[in-house]
Amino acid sequence: MYAATLSLLKWLLVIVLGLLVILISAQIIFRQLPVGASLGWTEEASRGLFVWMVMLGAALGVAERSHFAIQAIAKLFPEKLAFIPRVIRFGCMGAVALIFVIKGWPFLVKGLARVSLVTGLPLTWTFAAIFVSGLMMCIFLVHNLFHPAPDTSAGDPTDKVS
């Protein structure tokens, strides 16, 4: 399940980035046309896609352990207690992921009742990014907790970020 979720996440990010490039390019091109035609909906769609890109990118950061870790603090602990900073880090990240899931669901549901003025679409498609990224972060955190990364030099041997 982990590998499939990670692969899906990477493909979603590629698609979102591609759509962003297309929409923003179209907006720029249409603004330069002599008739002054502007695609108003592209700005709103780009904003929604940007939210998805940020939230899914944060989930990918959790999966690849690329969020920062302060190794100076981890090095203060003796070897027998080296797990303490790791537990604190996982606890904080888990708390944030759970907040995204718990608070993201009602936010997503409220989006069903809110409609975009420009496109007429429900805002749920944008609001869902918080809930979905929280779920993915939870999956990746559980995986990383039980599958420590190999030692990459100094610092905490369970993390690749140093």
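Any Cβ shown, glycine's included, is placed from N, Cα and C.
Source: prediction; values computed, not measured.
In TrEMBL this protein carries:
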TRANSMEM  12-33  transmembrane segment
DOMAIN    20-147  domain 'Tripartite ATP-independent periplasmic transporters DctQ component'
TRANSMEM  45-63  transmembrane segment
TRANSMEM  83-102  transmembrane segment
TRANSMEM  122-142  transmembrane segment
Residues in the domain 'Tripartite ATP-independent periplasmic transporters DctQ component' (20-147) grouped by DSSP into helix, strand and remaining coil: 98 helix, 2 strand, 28 coil
Within the predicted model, mean pLDDT of the domain 'Tripartite ATP-independent periplasmic transporters DctQ component' (20-147): 89
